[in-house]
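What follows is a single structure, written as structure tokens, with notes after it.
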């Protein structure tokens with residue numbers, strides 16, 4: 001953030017203080033004493049998700065020369081505000097719809113997972129926004145994403161663990177829509193510059209995300225051990241493929257860490273939708289391979305062809321790191337569902353259309369609301 005940012009003292013602290021006061025009042029009315037029932041989620045699993053959001057994405061976004069401290073600091077700020085907001089939205093839905101309260105650890109874990117969408121969107125507008133813009137964007141995105149999940153759960157009968165995996169799709173396309181409302185920095189602008197030290201920190205964030213991604217995909221899954229198993233192999237193959245494709249697609253035949261930075265995570269994004277239902281690890285490995293190919297080819301094609309035409313400046317490449325692998329994962333879930341239920345389900349066509357409609361709805365809501373928010 002620029003050091004001469006105008007009216008910082010007169011705007012940001014009061015905005016944060018106002019939001020926190022609202023949150024405290026709403027928590028007082030919506031939530032009773034913490035229940036003592038045993039949680040279906042373990043604390044180490046919650047810790048893994050928290051590490052992903054705070055450390056992983058915090059370092060993942062540190063590659064810009066003028067925004068290294070801002071990336072990690074703003075990431076922490078919007079995360080702690082966003083988790084409170086997400087828990088409140090969940091509590092309001094339970095209160096208004098007379099639903100059943102979840103245990104407190106599961107509630108806060110889902111709130112932390114929801115924040116993944118926001119930090120992905122932040123990556124698309126990195127270096128172009130200040131806290132006064134990021135904080136309202138966080139609140140709006142959390143509310144809209146929760147409404148999108150509620151529609152998918154209630155009207156399209158999408159399981160809760162699958163609707164949560166839409167965070168990648170929603171975050172990427174919401175961020176792209178918001179980014180389209182900002183002007184692109186000049187190619188040689190200092191705002192676009194990076195340094196080897198910051199690139200190293202950014203790669204450290206990628207490693208954090210890679211290590212903890214199996215926990216993210218499995219924490220709400222019905223068969224969490226299967227989800228961990230398949231996610232690891234998808235991530236492993238996407239990492240290997242990233243190094244191979246990086247060497248094959250560069251003129252000097254050397255590795256490009258920009259490719260590795262993005263593509264090693266693609267397998268975890270793509271396999272998330274079907275991680276607990278994949279029966280054989282080679283299927284997850286193929287998904288990891290395809291996701292890595294899409295990410296590296298997408299980074300080459302989109303940045304040179306599509307983004308200039310649409311006037312979109314995707315700072316962190318969230319479209320080909322999270323958006324396109326998310327689309328691949330959603331389509332893979334449909335294909336696997338058809339294969340597994342071909343001779344069993346008499347309503348197969350209807351169920352397939354429901355699955356396709358769910359992720360099309362997610363992308364549409366993300367684009368429309370993101371454009372309005374931007």
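From the backbone N, Cα and C atoms, a Cβ is placed for every residue, glycine too.
A TrEMBL annotation is a machine prediction, not a hand-curated record.
Check TrEMBL against the ranges 161-182, 227-248 and you find transmembrane segment recorded for 227-248. In this chain, the transmembrane segment (322-344) does not touch the transmembrane segment (12-31); fewer than three CB pairs sit within less than 8 A of each other, excluding pairs fewer than 6 residues apart. For the transmembrane segment (227-248), the residues of the chain that approach it from at least six positions outside its boundaries are 210, 213-215, 217-218, 221, 254-256, 259-260, 262-268, 270-272, 274-276, 278, 281, 283-289, 291-293, 295-296, judged by C-beta separation under 8 angstroms.
Contact between the transmembrane segment (43-64) and the transmembrane segment (322-344) is not supported: fewer than 3 Cβ pairs lie under 8 Å, counting only residues 6 or more apart in sequence.
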